Amino acid sequence: MHFFWPRTLAHHGTKSHPMNAVQRSNFALRRSGITQWLGSSGSCRHLHTIANRRASPLFTSFGRSSLVIGKDASVHSRLQQLRHNTTTETKALDQPESQRIPPKRSLVDQLRPYAALARIDKPTGTLLLFLPCTWSLTLAAHAHHLPPGQLAWNVFLFGSGAFIMRGAGCTINDMWDRKLDANVTRTKDRPLASGVISPFQALCFTGVQLSAGLAILLQLNMYSIALGASSLALVVIYPFMKRITYWPQFVLGLAFNWGALLGWSAMTGSLQGASQVLLPLYLGSICWTLVYDTIYAHQDKVDDITAGIKSTALLFGQNTKLVLTAFSTAMLSSIGLGVSRLDLSNPVLLNMSANTLQEFLTTGHPFFTAALITSMAHLFWQISTVDLNSRTDCWSKFRSNTILGAIIWLGLIIDYTVQVDWSENEKE
């Protein structure tokens, strides 16, 4: 067997102790980094065995970074592949960053930023948008003795619409606020603020969302279609309010609780004759938004000062809990008054000098009354225990408002169910 010896190999032997075949193979493998690449010690022993077969007609050559052993084609192939991969990676690194081909991403990876833009992973906002709709839908079904099937269908439509339009609202908000969000710790990683999605891509996505929302809206009557479309202006201008007023939460309340009006018209075809129910319900819902979104805004109050963002959290400051207590009282009283005006056959309701508590306790809505008292306790717990300097606690209290809204809806649903059973018994 004949070997070609590189000078660097010869220096590792001595005159009295030259390197044998195994040592020479080990040295070559170490220089090329192949020993680590081959992985198992069994592969190395296989190479050593081949190197020691002096009687075999092998042709072996040692180079600075490769080893070729006669008939062992599989080992030779693996070594050639290593050389090819190394050369390819080196060339790729040498290319300018602008010329490198980005790795292919799966469809799920491509859609993930859009899901984050629509806040699919944070359903709290969707529920807070949806719940006032359910109050109005249920009250309309109760007042007009409408069948449960009609109520269930509209609850489904409004649930789908809340999911879609809340996502559209978030996209519009982030398009307005992308530069401001980049300066706020909690929002700097949002897709638009971080540059993962371009403004044009977000605009196209908004078009898709609004088209889906329109498809839901078109399932309603013409009066409701016009009423629902009119709320879009509030959705668009809300993000701009953060720059010019300390009351953006009030504008959010106007937009977010539009369903308190739309739900009734979807069930009955108009708002005619319902103002004494719906106006208190709408105003009470706005007060509720001022409560939970002020708590939400306290998460970012430090960054908001630096970024120039205005909010009720900054406006109320140290008096936040006192002001929120006032808004909570207004919310409960207003919603209670609206529900109490539902059944005008009750003579107590005709006595406008009676106080609000007397009115809604004598309207024949016992489960709603219990729900309202429970909501009062929940709001007291929220405001008295919230740590306005803790982002974690503010977020937790904000989320808990979905429970409060669900409690009110549960009371209305039970009262409606009892009323439907009573109506059917009367017909018999």
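Glycine is no exception: its Cβ is also placed from the backbone N, Cα and C atoms.
The transmembrane segment annotation in TrEMBL covers 222-240 (among others).
Taken from TrEMBL, the feature transmembrane segment covers 247-267 (among others). For the transmembrane segment (247-267), the list of distant contacts is 128-130, 132-137, 139-141, 144, 146, 150-151, 154, 157-158, 162, 169, 220-221, 223-224, 227-228, 231, 234-235, 237-238, 241, 274, 277-278, 281-282, 285-290, 293-294, 297, 310-312, 315: same-chain residues at least six beyond its ends, Cβ to Cβ under 8 Å.
Through the fold, the transmembrane segment (273-292) approaches residues 128, 132, 135-136, 139-140, 143, 249-250, 252-254, 256-257, 260-261, 264, 312, 324, 327-328, 330-339, 341-342, 379, 382-383, 397-398, 401, 405 of its own chain, all at least 6 residues removed from its boundaries and within a Cβ separation under 8 Å. Among the features that TrEMBL reports, transmembrane segment is placed at 273-292 (among others).
The annotation transmembrane segment is assigned in TrEMBL to 322-340 (among others).
Taken from TrEMBL, the feature transmembrane segment covers 360-381 (among others).
According to TrEMBL, the transmembrane segment annotation covers 402-418 (among others). Long-range neighbours of the transmembrane segment (402-418) within the same chain, counting only residues 6 or more positions beyond its ends whose Cβ lies under 8 Å from a Cβ of the stretch, are 124, 127-128, 131-132, 134-135, 138-139, 141-142, 148, 151, 288, 335, 339, 364-372, 374-375, 378-379.
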